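Engineer: The structure that follows is given in the form of structure tokens.
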Ligand code: FAD
Ligand code: NAD
């Protein structure tokens, strides 16, 4: 048998890759991880989940202090924005967490190969001018922003930015146009709206948040409008021009109805392009190992995360499925276990998704639309307005919806809009993982007063018997 430098070499140290590397090392495999960034943690820790949540959390406090719920509770303050400090705590969060992964690599004896890796053959890559060999190579190179044809992104103090630029703005824009009403557009649009920007979201489809339950999408649009975001749904951007205005720069975004009609120009001092992300496969040398991409430029794998090339595996944003950190992490654990000869499984039917706006928007499993296509269903809904804790906390917006199979009562999907929906959805995911029926959830004792009681009540509503409605 050939001698290799490592049992496992992971390419990319995002939540997929770093988790795979740590788990492989924990299982006794000699492991290295190649990462070209200056810090570990990938998109998630450096320019994604963590920095966006740092700004969402801080801006939520700022908005609460401006009035609304706080004033209703008898707390009157006039907040002053110190954006450099707010941005500083974002950078602190990144530094602490990326440094934490470096510590975990050392603790678990994972070698960090600093540089971008390129395949030479199925068992060797070149990193920073050196050839490294491994019995197994895991591709975990993640994804990057999908560009909008004809629109140039300039994150270095420019006007047209992607999510990375929108996280790093040094001042609050007066007018911001967000192209794409998906997760990034709504989260980062919310941050800058809370801090004072006039935000217009331009979405090609006739509703926000594609892929989410239809009721949730409609309710989300109502809530964001109420919060002061201008929504241009069913609208496409046909061009963006940037011009010098009074010593500064300003953009003109030309939009028109997606189905055709009169064009309109919206002015903005910042334009965020957030129309999706695409897998990172360029420069990896996949041609050298004969690995082809599918029509969506993703790497296909089997259920074990093995690609068609022996010894080469792939996980995370670079393979099909939702582009989510926790999905990548679970695949990282599973692929390491499969390489070690154990049985690593990810149940792709039960991957929760959360939009961290206020209220949060979360779901797991099938939408009502998708569930109906599969057969007869029963649906139970419960409004947060009727949940004692949400009402008392001045958080009346949202609802919980439980979708169950009409015949077996097995829960097929759960959707929540609530201040803490992201935390609430965990119990729904766990129940579904255990094959729960709506009755199982309805008869589970939930602590009072909690927002989670709305999940119990929605489950009770599946068979028509909620108490508080
Ligand atoms: P990545 O995190 O993209 O990591 C891949 C790494 O591979 C990168 O560091 C890259 O430098 C490295 N790399 C690429 N090519 C090579 C090479 N040839 N050699 C060496 N290294 C290479 N998801 C959530 O679940 N929750 C959230 O709240 C959330 N918020 C987000 C907010 C924003 C603004 C963005 C952009 C994304 C967010 N996501 C969120 C999505 C999440 O970040 C991704 O799904 C997740 O990071 C994917 O993990 P990954 O390991 O597959 O890839
Ligand atoms: P997205 O797919 O969530 O949303 C993109 C939106 O842009 C869609 O609604 C789409 O219809 C619209 N769109 C596409 N082309 C358009 C055009 N030309 N004009 C107007 N609208 C257009 O993508 P995203 O918001 O960029 O996020 C990328 C990925 O990052 C997502 O897959 C998401 O899973 C992940 N992410 C997750 C979180 C989270 O879990 N909280 C947060 C941020 C990002």
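Every residue gets a Cβ built from N, Cα and C, even glycine.
Heads up, TrEMBL stuff is auto-annotated, nobody curated it.
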Engineer: According to TrEMBL, 180, 181, 182, 183, 184, 185, 186, 187, 203 bind NAD(+); which of 100, 276, 283 is also listed for that site?
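Structural biologist: Among the candidates, TrEMBL records only 276 at this NAD(+) site.
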Engineer: Measuring Cα to Cα across 180, 181, 182, 183, 184, 185, 186, 187, 203, 276, which the record gives as the NAD(+) binders, how far apart are the two most distant ones in Å?
Structural biologist: 14
Engineer: Can you tell me how far the Cα of residue 448 (active site, proton acceptor) sits from the Cα of residue 203 (NAD(+) binding site), in Å?
Structural biologist: 39
Engineer: What is the total of other Cβ atoms whose distance to the Cβ of residue 448 (active site, proton acceptor) is within 10 Å?
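Structural biologist: For residue 448 (active site, proton acceptor), the 10 Å Cβ neighbour count is 10.
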Engineer: May I ask for the distance between residue 49 (disulfide bond) and residue 324 (FAD binding site), taken between their Cα atoms and rounded to an integer number of Å?
Structural biologist: 9
Engineer: Would you kindly give the Cα-Cα distance separating residue 326 (FAD binding site) and residue 180 (NAD(+) binding site), rounded to the nearest Å?
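Structural biologist: Rounded to the nearest whole number, the Cα-Cα distance is 23 Å.
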Engineer: Going by Cα-Cα distance, pick out whichever of the recorded positions 44, 182, 184 is nearest to residue 326 (FAD binding site).
Structural biologist: 44
Engineer: So which of 180, 182, 203, 326, 448, listed as recorded positions, have a Cβ under 6 Å from an atom of ligand 1?
Structural biologist: 326
Engineer: What's the CA to CA span in angstrom from residue 142 (FAD binding site) over to residue 182 (NAD(+) binding site)?
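Structural biologist: Between the Cα atoms of residue 142 (FAD binding site) and residue 182 (NAD(+) binding site), the distance comes to 19 Å.
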